Amino acid sequence: MEDFVRQCFNPMIVELAEKAMKEYGEDLKIETNKFAAICTHLEVCFMYSDFHFINEQGESIVVELDDPNALLKHRFEIIEGRDRTMAWTVVNSICNTTGAEKPKFLPDLYDYKENRFIEIGVTRREVHIYYLEKANKIKSENTHIHIFSFTGEEMATKADYTLDEESRARIKTRLFTIRQEMANRGLWDSFVSPKEAKKQLKKDLKSQELCAGLPTKVSRRTSPALRILEPMWMGSNRTAALRASFLKCPKK
């Protein structure tokens, strides 16, 4: 699974996931499914934010990266992907500026158009079950919840899906692609089932030495949302090598 993650996701997303797991004392060599889940969640959050801006009239617009209007205000503030200290600093700043109620748990995004925090969920289970779990944990009407599944289903607070249909379709397509690529490599069942995951981990550990010398193909493209986070954790020499838009899993 670890090899798949490094091949399938942008290196910047992988590094953010590594930092997140390290911050919580988790070993990605052992918890490979969690590693994959964190990378997937990060990518969905960045895709959610990509290309969405607010114009001078306060309207939400979708703008391609190379459009000169890209200097407009970003609609979403990205909180996910930052270390906890910085994330809470961003949340506090938003609350002080907008008057929003401070959430008890760190959300993933803030929507400047709707003036609300957003919690993004990506689930391998039924969307309504995961939605209820999120809602019971957060217990706040001020945090909007939006859940995506790998099967193309979604569920959001009061059926308010925030984004336009095309933007959500991009996210659903990406999740479906990840699922298919996992299935093609025999990883999907272990990703869904903890019991299968333990079996897969043993196989992964045995095959690591055999695969160590193999070349790895990784896309060097990234989303504009990720570029916002780059200065916090990447040197400019590495940043220059990464271009806009999202990667796709390499074919076998």
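Heads up, the Cβ atoms here are built off N, Cα and C, so glycines get one too.
The active site feature in Swiss-Prot is assigned to GLU80 (among others). When secondary structure is read from DSSP and collapsed to three states, GLU80 (active site) falls in the coil class.
Taking the Cβ of ASP108 (active site) as centre and 10 Å as the limit, one finds 24 other Cβ atoms among all the protein chains shown. Residues or ranges marked as active site in Swiss-Prot (evidence: similarity to another entry): ASP108 (among others).
Summarising the annotation, Swiss-Prot assigns site 'Important for efficient shutoff activity' to LEU28 (among others). LEU28 (site 'Important for efficient shutoff activity'): 20 other CB atoms within 10 A of its CB, across all protein chains.
The site 'Important for efficient shutoff activity' annotation in Swiss-Prot covers LEU65 (among others).
Per Swiss-Prot, the feature site 'Important for efficient shutoff activity and nuclear localization' maps to LYS195 (among others); the stated evidence is similarity to another entry.
Feature annotation from Swiss-Prot assigns site 'Important for efficient shutoff activity and nuclear localization' to LYS198 (among others).
The site 'Important for efficient shutoff activity and nuclear localization' feature in Swiss-Prot is assigned to LYS199 (among others).
What Swiss-Prot records for LYS202 (among others) is site 'Important for efficient shutoff activity'.
The site 'Important for efficient shutoff activity' annotation in Swiss-Prot covers LYS203 (among others), and the record cites similarity to another entry as its basis.
The site 'Important for efficient shutoff activity' annotation in Swiss-Prot covers LYS206 (among others).
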Under 8 Å by Cβ from GLU80 (active site), counting only residues of that chain that are 6 or more apart: HIS41, LEU42, CYS45, ALA87, LEU106, ASP108, LEU109, ILE120
